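Undergrad: Quick one: the structure is below, and I'll ask about it shortly.
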Protein chains: 6
Amino acid sequence: MSEEEKEKYMDQITVKAETLIEALPYIRDFNNKIVVVKYGGSAMLDKKLEESVIKDVALLKLVGMRPIIVHGGGKEISKWIGKVGKETEFIEGFRKTDRETMEVAEMVLNRLNKYLVQMVEKIGVKAIGICGKDGGMLRVDKKMPNGKDIGFVGDIKHVNTEILETLLDNDYIPIIAPIGMDDAGETYNINADDAACAIAGAIKAEKLAFLTDVDGVCMNPDDSSSLISVLDLNEANKLIEAGVISGGMLPKVTNCINAVNAGVGRVHILDGRREHCLLLEFFTKKGIGTAIIGDDSGYYSNEIEQ
Amino acid sequence: MSEEEKEKYMDQITVKAETLIEALPYIRDFNNKIVVVKYGGSAMLDKKLEESVIKDVALLKLVGMRPIIVHGGGKEISKWIGKVGKETEFIEGFRKTDRETMEVAEMVLNRLNKYLVQMVEKIGVKAIGICGKDGGMLRVDKKMPNGKDIGFVGDIKHVNTEILETLLDNDYIPIIAPIGMDDAGETYNINADDAACAIAGAIKAEKLAFLTDVDGVCMNPDDSSSLISVLDLNEANKLIEAGVISGGMLPKVTNCINAVNAGVGRVHILDGRREHCLLLEFFTKKGIGTAIIGDDSGYYSNEIEQ
Amino acid sequence: MSEEEKEKYMDQITVKAETLIEALPYIRDFNNKIVVVKYGGSAMLDKKLEESVIKDVALLKLVGMRPIIVHGGGKEISKWIGKVGKETEFIEGFRKTDRETMEVAEMVLNRLNKYLVQMVEKIGVKAIGICGKDGGMLRVDKKMPNGKDIGFVGDIKHVNTEILETLLDNDYIPIIAPIGMDDAGETYNINADDAACAIAGAIKAEKLAFLTDVDGVCMNPDDSSSLISVLDLNEANKLIEAGVISGGMLPKVTNCINAVNAGVGRVHILDGRREHCLLLEFFTKKGIGTAIIGDDSGYYSNEIEQ
Amino acid sequence: MSEEEKEKYMDQITVKAETLIEALPYIRDFNNKIVVVKYGGSAMLDKKLEESVIKDVALLKLVGMRPIIVHGGGKEISKWIGKVGKETEFIEGFRKTDRETMEVAEMVLNRLNKYLVQMVEKIGVKAIGICGKDGGMLRVDKKMPNGKDIGFVGDIKHVNTEILETLLDNDYIPIIAPIGMDDAGETYNINADDAACAIAGAIKAEKLAFLTDVDGVCMNPDDSSSLISVLDLNEANKLIEAGVISGGMLPKVTNCINAVNAGVGRVHILDGRREHCLLLEFFTKKGIGTAIIGDDSGYYSNEIEQ
Amino acid sequence: MSEEEKEKYMDQITVKAETLIEALPYIRDFNNKIVVVKYGGSAMLDKKLEESVIKDVALLKLVGMRPIIVHGGGKEISKWIGKVGKETEFIEGFRKTDRETMEVAEMVLNRLNKYLVQMVEKIGVKAIGICGKDGGMLRVDKKMPNGKDIGFVGDIKHVNTEILETLLDNDYIPIIAPIGMDDAGETYNINADDAACAIAGAIKAEKLAFLTDVDGVCMNPDDSSSLISVLDLNEANKLIEAGVISGGMLPKVTNCINAVNAGVGRVHILDGRREHCLLLEFFTKKGIGTAIIGDDSGYYSNEIEQ
Amino acid sequence: MSEEEKEKYMDQITVKAETLIEALPYIRDFNNKIVVVKYGGSAMLDKKLEESVIKDVALLKLVGMRPIIVHGGGKEISKWIGKVGKETEFIEGFRKTDRETMEVAEMVLNRLNKYLVQMVEKIGVKAIGICGKDGGMLRVDKKMPNGKDIGFVGDIKHVNTEILETLLDNDYIPIIAPIGMDDAGETYNINADDAACAIAGAIKAEKLAFLTDVDGVCMNPDDSSSLISVLDLNEANKLIEAGVISGGMLPKVTNCINAVNAGVGRVHILDGRREHCLLLEFFTKKGIGTAIIGDDSGYYSNEIEQ
């Protein structure tokens, strides 16, 4: 080894030691904690990103966390609705979901669901794919935007976490398709972001992470270096009032705020296009996205108690 | 009440008391025992029979048994393959299952699966719908009839019962779609009768019941009064040799024999077209179908020990 | 089988299925529930009825209930008091129980007690015979009717249920002779109906059943078809005020009311002369005797929850 | 305090300290150990001795041992048989026990049994009185001395210890009347010494103590100072051969030898006429009676391990 | 045996029986109870007394109590400070403890501590030697008598009993050197009496025993026959006010009063120069020293409940 | 952020992600595993290295491993032996350890022991300092090199791991001073490397790490780039025969071989002068020292199972 190589090697060793010292206390803190990952967007369409997400989730499980995946599948549904020769009607910006559309959606989402199970099982970690009808997990009411009937689209009114607890206690990763049942036993489609929020809140998850197609919340959306690492509820509300958080980011942040208010410890908006974004966000001090928290009082010390 | 009414009432009371005295020891014997119900055929196509089967299974659960449902869905698959405009090719009598056919089959079976979950949940009993990929339950090899490749049709080579035990221990009725995974992680379709047999054998079920479209095994197939209530392995084999069991009944009985040899206590061939056939078979001395057992040495006494 | 036989067979099958569907939800509801049976009267003097009662109680145990038997023995006591050449004196309608009478009563009741143990053990169910002195179960004060001393006749002032819980938890049927101890350690005779009430109330039994020599409570005592199946406390009190419940039935119903007020779920007055009266009362909707309940708000649905 | 008083006080203190140092290791060694006490003879007929025995047994329980009492009652049975005007016939030296004699014996023994329960309960320790029919504990064959039928006298052929274990585990002192049941469910009388031996052997008791009317085994029966404190099986057999052990002592010692061979740790022959004989035998080095042991290899060190 | 010998033997037997009857209820009452023994003074300097104390503590453990030893070591510390050539300075009557003195004290106390462990282990009982730094057991503040800095001498401000509970639950005798740590992690010396009091109070010990060089509290200090066996808090305070308790006895009794107020059941001042003083105090009615109790309401009955 | 900064940041992020992906499977594999760290040499004399070692051990505990520290203290012992004015004699290369030397050694080692406890407790992790006398952990024979008596120097003949298991199960880090007891209860000094080996072998540790003053085993001792990362027993023996392993490295490697043969999973020779050497060795693929293993068959995959 030349002197230069040696030096480079020592630098690398030093970064490794620092990374470990940085990460280990989080690993302790997160032991047995529940993390809900909303999986969707670009990270679901690219084979390499898909593998990176699945591997990250499996690693979270391996080091003692209890992950839950909630997934969407809108693009795939549209594809199959086309295949069976149906047209789609929009009401108040929502796709009207008649019984046949619901039937196709349920078929597509359940297959996608089992596909993700397969991905996790292939790397040796236990997974089970369920929807909100299993164990009566998601009970919904019919969504009526502006009082209009848009078919079988549901608003969650109750989450029965019993089935999730059984699966988590037995070391399975639950993978959830966003489908629910109303009091009459009818099947409904649910928005995946809403499902993830409701589930994380009901089960008092430590973390809820949204894999999105943006870096996180930025002071200036065009400058990724203006990314905000941590936002407390107070600051988040101020940025909304000031118009800094707006457009497509507004409903996402609103969802995060609701989840924190429902008892989730920390909600993360991550760029799902970046490989291993979950590990980097959870196990480094600075993280790589934006975390929304209840208050800014230090939450995790990331230092061994002195 | 007239004297005649009184007498009729007393008769009825007497039958009730006898039925209870007949049934209660079975209920004790079957407490905590696992029963696998293969659900298919006519019982799956008629709304009223469907309700009767679901109610019976729920009652079995309520009195302490641990039921598992394995279902088929061939007719529904054919319907949707037609809908997406595909033709079906047959090889050696099997439908060739290419990747797209498999995709449709998986969608259809999983939806059907969740529909059955919904039926059970609606009457207040907990159920979870899974396929053989969940928890790595069903591992298959490619089926090669006469060495020919018929696509994604699998032979089960291993059943991992861990997920079933978790669900049963937590009071869920597992409802299983017959889909598996090979060592490379590919998805395969499985014959539902085979899946029910393999699962019942692996989990050492007390009972395996096939809901069929016949009365059971008859000495004379045209005379339902020649129905045989109990057959031991020895007798079954003799009837096969003698040609009494033949035609469509032959593979069914062969399946039953295999299941008994694999450790299932008693395998029942029932007429799924008769309402409450499961209750009548399990909780009366004579039953209403044919039971195949390991040997004829008394098995259940149906008498309180004297 | 002729057409007529077939039809009759099918009718019978139908009644059986209905009986099972009627009974199974009760079996679930009563699982692990405690039922106290006061055993006495004609049912104790006829060999066949005795066997029917013992078999019913054993079956209740087999399907998961936790029965307790409290028995009397007045006739047998009288017989032995005669044998040893004693005369009996009556005060205020009570038999005066001097020390020697008490000694004979204790001998007789304990032997009877062990005889019942023997009956239950013979059909393969575990039983233990105890009296109120064992484990300090029944603590009494001296009964003083109109301030007169009638000897060793006791009023229960405390029930220590610890010994019963130990026996029930270990799957024994406790069989109890109505004998107790006062604070000074003296032995007392107790009325068996009172003992059954006190024990059922103290252990918060689900059910208390009195085997009597009448059908139950009838609007017209001479017409058994005027039997009332279910009475709530309110109605019972009204019928007492109205004089419908009177005579020998009055103290029985008063006892039932007290038991319900002490926390027993449902108290049954049954005709012990009818075979299998316990099974028919507990596992059919209509029952065959009169049940006294706290209120009439539906108590058991006897329907699987919809 | 005078010098003399002081000295006496100091002497007394010294004996107390020595007694404690002597006793404490035994208390440790005997913790949770089962001791069967055969209670009969003079100790049962004298009020003061009765109290001393009951108090000793209660103290054994209090310091952590698990005592079981087996009692006789021959004299009381004879008294009541006389009362009801029966004569007794003897065959081969045994009292012929016809059905009515058995009935009286059962009544008397069960009442005596509950009387002992009462004695123990009065000093605040939990007791339950059972006979060999409870929990199917003692199963017998008919005894046929020289092939002659002497009625309902039984030889124990099986001890079911389940009920004893339940009672001991729940801190009750089981008090046992020597009555059993044959395979046909008939009731039999059993010799109390035999019952104590069979029970101690079956439950692998640490100790079995016979309260008798002699000091123990003496080299010279007329000289109580020739008492033998400890005898191993070998020595015992030699003394029998040499005729030193003979007469009424012979069957007692034979019984002891059988018990040791059946797995009882140590069998004690004690003088029940001496107050607190159980405490003095168990908690002092020399003891006050004769102990029969398996071999003489030091069994208890009675010294804290050095 | 002569008549005289016999009589003497019988007397001795009688004392033994009485001692046992006196002691056994205490043994029951003290089962699993914690007793803290402050070991110091003459009993620590004499080889024979040392053995007697260690043996007593081991016996307390053997019969089911849970002893803790807290020891001092002042004389040994002085010896070693001399050996390393240091002088000692006194401030306000306290030895000034600079860092080097503390270092020597820690070395000496820890060695002494392990020596006691060795003594207990040698007689076959499990022991572990710890100081207040282990498991963060003793947290101190700097002691500032009259505002003066006397170095590393600490006042206990918190006792973390977790480590003690772990050791006791696993059947170890904890042996404790009186050393603690302040919030900055500095090491401090602690007065052993204070440490014993604080520990006994924090762990809610049943008993705290001080081995001293006096008989106990006497009405007349020069007359050991004026010893007071039991003092309640009220009486103790009166004797202090009256000047009967004064001099060196005053701080001891004050310590006892504090311990009782902190929740210790009974605090004993014993003469450590008397062999087996712990056994005699704990297991006889009169005891041999002075016990300080919360109130005089009978505390232990020393009688089996009647 | 400039482009260059961004690139550097991304590089750093990439190393971090890689380090985590590399480390996480080890963290899973090592969960609940025992690791014995022999702490001595330079790492014990430098304040900064001391802190690094203590922090590493605390982190190992935090992420779920169960560390045990065994420490030496030769230099400190020599210092204090000088302080008390003693000379040291050497026999066969060993320091002669007379009783006074042993006394000083015990004092010094125990104080050092509690100092390490203090260091660990200060960073909020639970620790207990024990020596081989506590709980009878280390039983020794006198070491007799070439048959010569060198005083109180011991060879371990038995390790009682009970105390270690209790402490580990209760989440304490045991910190061990290498002192033991012979059968007669005498105190002996033990070589710390030997103690670490014996303890790791007895408790079947997953890992044993020696903190030394060399890089590890090098093919060429003068070229640290010739370091061998992993050696199986076979290779190690060959290198010894070939003379590559020789000098001071020889006894170390021999010790490692013995430990592996005694059941330790993997023994590590690390350079204690390198900060965080424990983390880098355990949680990176290449490690930074030399690991001796039983065979080279892949041991840890460091890959999620595929």
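Every residue, even glycine, has its Cβ placed from backbone N, Cα and C.
Since we're looking at a predicted model, the values are computed, not measured.
Here's the feature list from TrEMBL:
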- E:Gly73, E:Gly74, E:Arg95, E:Asn189: substrate binding site (BINDING)
- E:33-271: domain 'Aspartate/glutamate/uridylate kinase' (DOMAIN)
- E:Lys38: site 'Transition state stabilizer' (SITE)
- E:Lys252: site 'Transition state stabilizer' (SITE)
Undergrad: What residue among the recorded positions E:Lys38, E:Arg95, E:Lys252 has the most other CB atoms lying within 10 A of its CB?
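TA: Result of the Cβ crowding comparison: E:Lys38.
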Undergrad: Would you mind ranking the binding-site residues E:Gly73, E:Gly74 by how many other Cβ atoms sit within 10 Å of each Cβ and giving me the lowest?
TA: E:Gly74
Undergrad: Measuring Cα to Cα, how many angstrom lie between E:Lys38 (site 'Transition state stabilizer') and E:Asn189 (substrate binding site)?
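TA: One finds 16 Å between the Cα atoms of these residues.
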Undergrad: Tell me the Cα distance separating E:Lys252 (site 'Transition state stabilizer') from E:Asn189 (substrate binding site), rounded to the nearest angstrom.
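TA: Their Cα atoms are separated by 19 Å.
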Undergrad: Determine, for the substrate site, the additional residues of the same chain whose CB lies within 8 Å of the mean position of the CB atoms of E:Gly73, E:Gly74, E:Arg95, E:Asn189; present them in sequence order.
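TA: Same chain, not in E:Gly73, E:Gly74, E:Arg95, E:Asn189, Cβ within 8 Å: E:Gly72, E:Ile77, E:Ser78, E:Thr97, E:Ala105, E:Leu109.
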Undergrad: I'm trying to understand the geometry here, so how far is the Cα atom of E:Arg95 (substrate binding site) from the Cα atom of E:Lys252 (site 'Transition state stabilizer'), in Å to the nearest whole number?
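TA: Between the Cα atoms of E:Arg95 (substrate binding site) and E:Lys252 (site 'Transition state stabilizer'), the distance comes to 20 Å.
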Undergrad: Per DSSP, to which secondary structure element type does E:Arg95 (substrate binding site) belong, with helix, strand and coil as the options?
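TA: Strand, per DSSP.
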Undergrad: Tell me the Cα distance separating E:Lys252 (site 'Transition state stabilizer') from E:Gly74 (substrate binding site), rounded to the nearest angstrom.
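TA: Computed Cα spacing between E:Gly74 (substrate binding site) and E:Lys252 (site 'Transition state stabilizer') is 17 Å.
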Undergrad: Neighbour count, 10 Å Cβ-Cβ cut-off, for E:Asn189 (substrate binding site): what number do you get?
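TA: That number is 24.
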Undergrad: Look up E:Lys252 (site 'Transition state stabilizer') in the DSSP assignment and report helix, strand or coil.
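TA: Note: E:Lys252 (site 'Transition state stabilizer') is helical by DSSP.
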Undergrad: About how far apart, in whole Å, are the alpha carbons (Cα) of E:Lys252 (site 'Transition state stabilizer') and E:Gly73 (substrate binding site)?
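TA: Per the Cα atoms, E:Lys252 (site 'Transition state stabilizer') and E:Gly73 (substrate binding site) stand 18 Å apart.
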Undergrad: According to DSSP, which of helix, strand or coil covers E:Gly73 (substrate binding site)?
TA: coil
Undergrad: Looking only at the domain 'Aspartate/glutamate/uridylate kinase' (E:33-271), report the model's average pLDDT.
TA: 93
Undergrad: If you pair up every Cα among E:Gly73, E:Gly74, E:Arg95, E:Asn189, the residues annotated as binding substrate, what's the maximum separation in angstrom, rounded to an integer?
TA: 14
